[in-house]
Structures are given as C-alpha cells and as structure tokens.
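Taken straight from TrEMBL:
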type     : residues : note
DOMAIN   : 19-422   : domain 'Major facilitator superfamily (MFS) profile'
TRANSMEM : 18-37    : transmembrane segment
TRANSMEM : 49-71    : transmembrane segment
TRANSMEM : 91-124   : transmembrane segment
TRANSMEM : 176-195  : transmembrane segment
TRANSMEM : 240-262  : transmembrane segment
TRANSMEM : 274-296  : transmembrane segment
TRANSMEM : 308-328  : transmembrane segment
TRANSMEM : 334-355  : transmembrane segment
TRANSMEM : 367-386  : transmembrane segment
TRANSMEM : 398-420  : transmembrane segment
Amino acid sequence: MPPAATTNLGYTPPDGGWGWAVVFGAFISIGFSYAFPKSLTIYFKEIQEYFSVSYSAIAWVSSVMLASMYAGGPVSSILVNRYGSRPVVLVGGIMVSAAMVLASFGTTIMHLYLCVGVVGGFGLAFNLQPALTIIGTYFQVKRPLANGLAMTGSPVVLFTLAPLNQFLFDSFGWRGSFLILGSIVLNCCIAGALMRPVNKHVQPKPKTEAPLCNGADTEGDVVGPVHKFIDVSLFKHRGFLIYLTGNVVMFFGFFAPVVFLAPYAKHQGIDEYSAAFLLSIFALVDMLIRPATGFIGNTKWIRPRIQYFFSFAVSYNGICHLLCPLAPGYVGLVVYAIFFGLGFGMVSALLFEVLMDLVGAHRFSTAVGLVTIIECGPVLLGPPISGALVDIFGDYKYMYYTCGVLMLVPGIFFFVMHYYNYKKLGEEQRQTLKKAVSLLHHPSTIIKMQL
C-alpha cells in the first residue's frame, strides 16, 4: 500500500507546539479568503437594483474576487518563498481592507469589479497561499487534521458574516456596510502576526530516507529547491495531472451554488433574513464537517487511500445539486443547505491536503501556485455562466442541474484515475524494492560491506 506523501524538507516538523497557534492564524486567514466573497452575496439583490444590472453582471463581483484570489496564487508563492508567510498575510489584510473602503464610494458596477474584485481578490490571495503553505512546514503526521481545522475557518467566518451582513445592510446600507467590513477584515493582520517561521534546526532527518509520494514523478526528475517558482517537472507528475484535470472541470460548478443560494431563496419569495439564514445553516454544517473530515482523513484506514475519500466528496456534491430543484419550498432548501454543507465541507477540507499527499509538502507551494493560476479561469467564469443560465431561462433549476453535472463527472473521473494511479504506484514500489534487494545481493555490494 503506498504511503502518504512525506515532507522531505530536511527536518522533522514539530506536529504541535506553536504549530497550533499557526493553525489558528491560518483558520482566520483562510476563513476570510473563502467566506468573504460568499458573504457579499447578501448585498447582491440590492446592488443589482441600485445599478440596474442583470444576474450575470452582479455575479461577476464575487467571481472576479475569487478568480483574482486564484490568479494571485503564483505571485503569493514567490513572495512567501522570498519573505515568509507573516509579512505577506499582513499586506493581504491591508489590501482587502482598502478595497472595501474604496468600494463603498463606488458609483458604477465596474468600480466594484476593480475594488472588491481585483484589489480585494489579490489581497485574499496574499491571505490564502501563505496560510496553506505554512501548515505543511509545521505538520507531517497530523497534517490532515491541521488542514481540516484550518479550513474550518471558512464556514465559521461565513456563519458569522451572513447574518451580520444582513444586519449591517439594514442599519447602514451597502455603502456603510462595506466601510465596516473594511475594518473587520483587518483581523487578517492579527492572523499574519501568529505565523512565526518554523524552527528548522531541530531533529534533522536521516539523509537515507527517500519514500515515494502518491502519484510520484515517474520520470525521476530531480526536484529543485523549494524556493524555485516554476517546477516544470510537475507537468510530468501523474498525480498532479490527475488532480489538475479534474479540478479544472469541478471549479466551473463549485462556487455558483453557494453564490446563488440566497438569491435563489429570495426568487422563491422567501424573506431576506430567512434567505440569509440558509447561508448560516450551510456554514454551520460546513463548520462541523471540516474538522471531522480532517480527523477521518488522518486515520490509518483512510489516509493511505485519501484520494478515494476526495473522489467521493466531489461526486456527492454533484448529486446534491442535481436533486436541489426537487426540494419543495423553504423546508426543502433547508434540507438542501444541510446536505450541500456536508459535501462542500468535505471537499474543502480535503482540497489542499490531497494535493500535498500527491506532490509532497516540499513541492506544495509551487504546485498550489500553478494550480490556482490555471483554476482562475473556471473560478472566474463559473458563477457568471450560471447567472446567464438564470437570465436565459428565468429559473434557477437549470443552473443547479449544470453545476451537478460539472461536479459529478470529475468525481467519477477521480475515482477511475486514482484507482489507476494507486495501481501504478504499487507496481513502481515493488520494482524499486526488487532493484534494492538485487543491488544488496550484488557481489560488489557484498565486498564493499565486508570492507
């Protein structure tokens, strides 16, 4: 059975200590990175009416913000490798804060695209990337659990921001709310302050240790130093290519169901607070399932085959979206929000852990930078395309059907390809072991050992 990928960083991560403070900082940083664009959907209906724009046009606000966050991944990787996680997160928090303050003075929808979308999105990239990377430097044995706990920040922040945004809007309007949100997001700077660099001068690893990663580069390319930005050998890495191919399709349908959940409820005549409460229900379930997923993923039964767990989670999401239009009334939407929260939380908790499992923590910073820049296309286009379906048909069910297919197909793809990947890994490990035994019994080796 192939082992989980190891860090191969030249030192033993502490798997605790100050690492838990770093997880808390990552919890806040990741929380704002993923929850902030979703929480702003509370204002969409009112901003849409204020600027007299379509569903598709207003969806671009969150879409551009998410896409900018993904597109900023490589830039964030370079800065993290050069300066470390702490200063990058501090700058990111200031950028998002400034973006929201500037957006509060917006006079056109284009102004929101630039401020909230581009500036705010790049600020979130400077929060997300360092938080994901630093966990891999502090944890190895407990890494799935640490990642699961850190990724729980997204639903916790969303659970808090969804009703808070509705209250702020009722009290101060969307402009005043954006000003207040600009101050709230400065908490990311506190998160950055907790991200102290790991002490790498303890318990050095023996140099003879060289285990394979899940989906190891079968070409045998020599990996460059961790600060190298573009590691082209990743495009020969079987596991990385499987991950990338499935994710590109998946992200066309990943965020749109969340972005349109509250507007969908309002479209059915449900009041604003009840619609906002759906996001809170979704976030509460998401919040509970992420650490549970991390705990399950860390068990000895799941971790060696964690890619199958991820495949199941992606497929489960697709089935939820396909069934959503059949949910009757508000009670049906509550049930959908619960089941969707379970699926979304599982995928989110595993999303970056399975990438670390495939390429190893030592190549993760480069890998995630390449993945996010490629994924920014579907992240950017997914919600507007879904919004266009609503504009064309005047109904949300076709949008949910489309998103269901876009999640179910890559889920099945992951199952099939990871079965192939695990099979090939087993063969490669047996060949490596056979060569090692053969070399050990070679006459020249025996003579050297005797000398």
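Keep in mind that glycine also has a Cβ here, set from the backbone N, Cα and C atoms.
Nobody curates TrEMBL annotations by hand; they come from automatic prediction.
Keep in mind it's a predicted model, so treat the numbers as computed, not measured.
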| the transmembrane segment (308-328) vs the transmembrane segment (49-71): three or more C-beta pairs under 8 Å (separation of 6 or more)? | no
| Roughly where does the domain 'Major facilitator superfamily (MFS) profile' (19-422) sit in mean pLDDT, to the nearest integer? | 85
| Does the transmembrane segment (18-37) come near the transmembrane segment (176-195), with 3+ Cβ pairs under 8 Å (pairs 6 or more apart)? | yes
| said: So if I exclude everything within five residues of the ends of the transmembrane segment (398-420), which remaining residues of that chain have a CB under 8 angstroms from its CBs? That is, six or more out. | reply: 242, 245-247, 249-250, 252-254, 256-257, 260, 307-308, 310-325, 386-387, 389-390
